[in-house]
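Participant: Straight out of Swiss-Prot:
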- GLY11, PRO12, THR13, GLY14, SER15, GLY16, LYS17, SER18: ATP binding site (BINDING)
- THR13, GLY14, SER15, GLY16, LYS17, SER18: substrate binding site (BINDING)
- SER102: site 'Interaction with substrate tRNA' (SITE)
- ARG123: site 'Interaction with substrate tRNA' (SITE)
Amino acid sequence: MGTPPVIAVVGPTGSGKSDLAVNLALELDGEVINADAMQFYRGMDIGTAKITPAERRGIPHHLLDILDVTQEASVSDFQDQARRLIGDIHSRGKRAILVGGSGLYVRAALDILEFPGTDPALRRRLEDDLAAHGTATLRARLQDVDPVSAERLSDDRRIIRALEVHELTGRPFSSFMPRREYFQPAVQVGLSVDRAALHERLAARVHAMVDSGLQAEVRRLDGLGLRTGKTACRALGYSQFLQVLDGSATVAEAAESTIVATRQFARRQLTWFRADPRITWIDWQDPDLVARAAGLCSQ
């Protein structure tokens, strides 16, 4: 037999991906690789709904708790680490199960995708340009060299990255976008959700996080440099509860804004994953969910 396909469990936040991944690992003798960028961070446990050791049920989980909150997550680094892990897991006769809602990270592990290099000095110059002239000026500059990216990108960091890539390579950033072509055989299982039910679940989950000590977790991480972390400080719940620590929001206000932001994030995740025709969708509340998913992964 050849190498088995990589399994990816995808879908919106709160849909039960982590639990399905564990059940598939138990069923298929697998190990789990985390593809949720915010779960890379040590100490970001409550707010990211990170799977606990007990919930892992003895299944090895990789790429959890690998970064300090001051470190920046890198899709390129993740691609290297995930592919090495996939090879190692397969070499031991086990199934590699990727799980997470960070769409680009999933694509980086599964698809043919190249990452242009970086230049810290160039990045700093572009950040200085942003501070001096504003987003509109940088977007206009990007429009001249890469109109596709200028139309698609709204986040300042990504606009800077697109300009950096163009200056480094002479190619538009959009030319590096991934093709829907697997790097090695893969099967993707998506959890299809009822949006109204998901919205209720996400609200309940945020309230449970608050009751479990999210504010204290954010306070502790703030002492470890959370605000200076370019990736970690943007995590859902953490940015909102930093405002509580600053006295600019109440706990109730931070919880409500976290619920709204989480629902918006779930919609963006669904839009991203629904665009991939290779994903097979199964209802998240299907009583035969594990058996159906295992069947797809065994074909």
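The backbone N, Cα and C atoms fix where each Cβ goes, glycine too.
It should be emphasised that the depicted structure is a prediction, and the values quoted were computed from it without experimental measurement.
Locate each feature and note its surroundings.
Facilitator: Taking all protein chains in view, 27 other C-beta atoms sit within 10 angstroms of the C-beta of GLY11 (ATP binding site).
In the three-state DSSP classification, GLY16 (ATP binding site) falls within coil.
When secondary structure is read from DSSP and collapsed to three states, SER102 (site 'Interaction with substrate tRNA') falls in the coil class. The Cβ of SER102 (site 'Interaction with substrate tRNA') lies under 8 Å from the Cβ of ALA35, ASP36, ALA37, MET38, each on the same chain and at least six residues away in sequence.
In the three-state DSSP scheme, ARG123 (site 'Interaction with substrate tRNA') is classed as helix.
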Participant: Of LYS17, ARG123, the recorded positions given in the record, which has the fewest other CB atoms within 10 A of its CB?
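Facilitator: Among the recorded positions LYS17, ARG123, the lowest count of other Cβ atoms within 10 Å belongs to ARG123.
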Participant: In Å, rounded, how far does the Cα of ARG123 (site 'Interaction with substrate tRNA') sit from the Cα of THR13 (ATP binding site)?
Facilitator: 31
Participant: Using DSSP and collapsing to three states, where does GLY11 (ATP binding site) fall: helix, strand or coil?
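Facilitator: Going by the DSSP assignment, GLY11 (ATP binding site) belongs to neither helix nor strand, so it counts as coil.
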